[in-house]
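Written below as structure tokens is the structure these notes are about.
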């Protein structure tokens, strides 16, 4: 909450949730000094909000009894849209710093009509998601996300600190072309001047970000989503896999996401090139597709497919009971 207007609203939120708070308490919670708290309280009074400051041992700041913000005027459809968006952000890790979506949801619920708030609570209690959820430690900071988004929009280069998968740290000068939320994580993709090529970086591994004076123009037609999924599919794994699928390219693309493998239409079908940490998992994927296929590489994948077929045969022969 670094913007002054945000801290003024933060003061109002604190006073709504407490009978009385001292200037020292408010200053500590807002990250400002007591003189600034007095100025924020004056701003609220000028906006017609009855904030009073009581002196003495038991003094402090408070709202006049009975004062409440007017109800938020949302239709049922609008309220459902807003809160479902917040719920999805919380459940799927789409938000940034973890408390933000929960506190935003709480603020909206407090100003909704009681009946509508209760019905929306029921939705939250009984709604499940099948999409992958990120780990709490994979959330980027709000400042990182906003700084990169603003730089991408304005065509401004950024300097960022980055921590690799192995823990090594480095400084990067990046022209950010776009942001992507994929498989529970945030990514930024753009031209990395250190490597002189387009690279993809995880936001939760980015440290400090500063906007530089240099400007850039993103390549015409650049697709951040396609770039991120291609780059993730190319991450080094234990096994390089090449399989010919006897199907057409459109059908293969419907079943196999770009982050899993690169698909190329060839004579006789579709060539799948990908990487796998475990060959038994790739064998299960191929078997589940339901298309004839030919393993070109590695030979160990053929053995993994045979092992999987053997397990299926054993299970198929089990007698009931």
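Using N, Cα and C of the backbone, Cβ positions are placed for all residues, glycine too.
TrEMBL: automatically predicted annotations, no manual curation.
Pulled from TrEMBL, these are the features on record:
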{"type": "DOMAIN", "residues": "9-62", "note": "domain 'Helix-turn-helix type 11'"}
{"type": "DOMAIN", "residues": "144-210", "note": "domain 'WYL'"}
{"type": "DOMAIN", "residues": "238-313", "note": "domain 'WCX'"}
Within the domain 'Helix-turn-helix type 11' (9-62), residues counted as helix, strand or coil by DSSP: 30 helix, 8 strand, 16 coil
Average pLDDT across the domain 'WYL' (144-210), rounded to a whole number: 92
